[in-house]
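The following features are taken from TrEMBL:
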type     : residues : note
DOMAIN   : 30-123   : domain 'G-protein coupled receptors family 1 profile'
TRANSMEM : 14-39    : transmembrane segment
TRANSMEM : 51-75    : transmembrane segment
TRANSMEM : 87-114   : transmembrane segment
Amino acid sequence: MDIYSSTLSPALDIFTGCYLMVIAVLSIVGNLLVLIMAVKRSSRMKPPELLSVNLAVTDLGAAVAMYPLSVAAAWNHHWLGGDALCLYYALAGFFFGVASIMNLTIMAIVRFVVSLNLQSPSE
């Protein structure tokens, strides 16, 4: 048995590929819009807003680097490219995933610090 063969039914693989295609298009368009708006107002952006731009970059990178492979594999009912593309896919997922998690963590810390500074003293 081939380790890269899908265990899903062909119909479910096609549905999964279509679903992933819709998610990829929405992700690419949405993140490109964020980046376009950031470029248009780059002179007025504050540092915390740049974290949103960074998140858009990592999400766009993941969508462009990973979704086409997933869609093609789903529609083919078999992983394409063997071990080499599997390793590339894993590294891209790791890189963009860790970058997004780190970015979200920094955003949460910034929001926490801002919320501490907004609280008025009780006395």
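Placement of Cβ uses the backbone N, Cα and C atoms for every residue, glycine included.
Heads up, TrEMBL stuff is auto-annotated, nobody curated it.
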Spatial neighbours of the transmembrane segment (87-114) far in sequence, C-beta under 8 Å, 6+ residues away:
48, 51-52, 54-55, 58-59, 61-62, 65-66, 69, 81
Taking every residue in the domain 'G-protein coupled receptors family 1 profile' (30-123), what is their average pLDDT?
91
Positions on the same chain near the transmembrane segment (51-75), where near means CB under 8 A and six or more residues out:
6, 13-14, 16-17, 20-21, 23-24, 27-28, 31-32, 34-35, 38, 45, 81, 85, 89, 92-93, 96-97, 99-100, 103-104, 106-107, 110
